[in-house]
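Peer 1: Features from TrEMBL:
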BINDING   13-41, D67, K161  NADP(+) binding site
BINDING   S144  substrate binding site
ACT_SITE  Y157  active site, proton acceptor
Amino acid sequence: MANSGQKVVLITGCSSGIGLRIAVTLARDEKKRYHVIATMRDLKKKEKLVEAAGDVFGKTLTLLPLDVCSDESVKTCIDSVKDRHIDILINNAGVGLLGPLESISIEEMKKVFETNFFGVVRMIKEVMPDMKKRRSGHIVVMSSVMGLQGVVFNDIYTASKFAMEGFCESMAVQLMKFNVRMSMIEPGPVHTEFETKMMDDVAKMEYPGADADTVRYFKDVYLPSSIDIFEAMGQTPEDIAKCTKKVIESSSPRFRNLTNSLYTPIVALKYADETGGLSVNTFYNLLFNFGPLMHITMSILKCLTCSCLRRRTISPN
């Protein structure tokens, strides 16, 4: 239970990665300003969180089961919070999907949207009415650079993030009238166990339904380039947690928050040309025509750019 003056923060998807680090970072706040309710679908996976939390577990950090894909689970979780009072909701739960479109079933696509889009909608729909009544609250959504710029072979994941960005941009206008703030956190590549395992798995998979050329482009062109980008520009979950903490502590939090300054020019390409040709042609050439040059560039960037800059987080103020 939160102490007087503490803000109640509910975070989804805390079994590992970004969600875990955000939960622990806020729970370990030196001024003890937060009571963190960390949630996950399967409480059997709580060991990493409990270990990382250490002596704050059971004090400034508590744990609840929550499946964002279930209306009943979402309602039960929120009802179990005292007076249903949540000051800050951080929507972090998400799943990825990578590979040639022809080899992905509609059911797999729906699962991505069920978590990445409808999961966020469920949480906001359940928490928002109480925030509006109190004329106070902050809703934070873990989006992605891929919610701003499409990335080849990430078609469905990107689509789910685009949907979320559009939904939140629309909601932000209404919520402002009720003094409820909405913020998007938009990381680029982040080094997590989930990402590493996914990369390893997709490299070994077969892709029935996709033609040989497409599979070759995916495995021999896209994946190596993606690994180069991760190594040169990737951030850590700790970086994203620090960024998120800055956003919720800002007196005037921004709506969109890119966590990696190196991605700003990439996103800017899209808005520099209203026809869309500049960004589409640039990414095509980088991937298919200048692959070796891109590899060299990423290697140089990795060597020359200090970790301080590569992992630079935003300054909301």
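Here the Cβ of each residue, glycine as well, is placed from N, Cα and C on the backbone.
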Peer 1: How many neighbouring Cβ atoms, not counting its own, are there within 10 Å of the Cβ of R33 (NADP(+) binding site)?
Peer 2: 14
Peer 1: Looking only at R21, T25, Y157, the recorded positions on record, which one has the least crowded Cβ, with the fewest other Cβ atoms within 10 Å?
Peer 2: T25
Peer 1: Same-chain residues six or more away whose CB lies under 8 A from the CB of I37 (NADP(+) binding site)?
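Peer 2: Listed in sequence order: V8, V9, L10, I11, T62, L63, L64, V81, I86.
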Peer 1: Among the binding-site residues listed here, G13, G17, whose Cβ has the fewest other Cβ atoms inside 10 Å?
Peer 2: G17
Peer 1: About how far apart, in whole Å, are the alpha carbons (Cα) of G13 (NADP(+) binding site) and the residue listed as 'substrate binding site'?
Peer 2: 16
Peer 1: Just the number: how many Å between the Cα atoms of Y157 (active site, proton acceptor) and the residue listed as 'substrate binding site'?
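Peer 2: Between the alpha carbons of Y157 (active site, proton acceptor) and the residue listed as 'substrate binding site' there are 10 Å.
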Peer 1: Within the chain of R41 (NADP(+) binding site), which residues six or more apart in sequence place their C-beta under 8 angstroms from its C-beta?
Peer 2: S15, P65, L66, D67, V68, A93
Peer 1: Give me the long-range Cβ neighbours of the residue listed as 'substrate binding site': same chain, 6+ apart, Cβ under 8 Å, in sequence order.
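Peer 2: Same-chain residues close to the residue listed as 'substrate binding site' (Cβ under 8 Å, separated by 6 or more) are Y157, K161, E186, P187, G188.
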